[in-house]
């Protein structure tokens, strides 16, 4: 089984999931770091025509999209409890947060990493778009912060949902979004970093917090 990913990108999440599987069920995997140039190459486009990560290759199965990969791994390795539990109800709660982070919060970062073409030559418009993106991200993170006021994680135990929020908080630091007023988030990051799989992947991807 091989996972293709960009260092520090959302592919961090299935990378952590595979590391949990390795630790908990002794199932090995390979992580193939790629560059933004490589994901547009004919070789990579044959795996994912969208030229995006993550991509998981398991035999003749090629999967893209984080949620598809994570649900596949959870079905394949139920004892690893990638959604924090083996019960349907608890897994559904973690899956709901995963969907929020993947579909809503992640999307809000796009203008910060890649401005729309129509704004690239208009600094005033570009500034407005970036500012609106930051405000939206902070509004969304406030929802997560409120949950953490009464919960340790976003599942019954640490799960792929937590790994997703963790890597996005790293992005916040990278683009200098100050979330210090959301007082639960820094403590959450510290809790997640105590997990062995997260620590292993952080070292593997050489992430700096």
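For all residues, glycine too, the Cβ spot is worked out from N, Cα and C.
The structure displayed is predicted, hence computed values, not measured ones.
When the candidates 21, 34, 53, 88 are compared with the glutathione site entry in Swiss-Prot, which names 10, 65, 66, 103, 104, 105, 106, the shared residue is 53. Under DSSP, residue 10 (glutathione binding site) is assigned to coil, being neither helix nor strand in the three-state scheme. The binding-site residues considered are 65, 66, 103; of these, 103 has the fewest other C-beta atoms within 10 angstroms of its C-beta. Residues in the domain 'GST N-terminal' (1-81) partition by DSSP class (helix H, G, I; strand E, B; coil) as 35 helix, 16 strand, 30 coil. Sorted by the number of other CB atoms within 10 A, the binding-site residues 10, 53 start with 10, the lowest.
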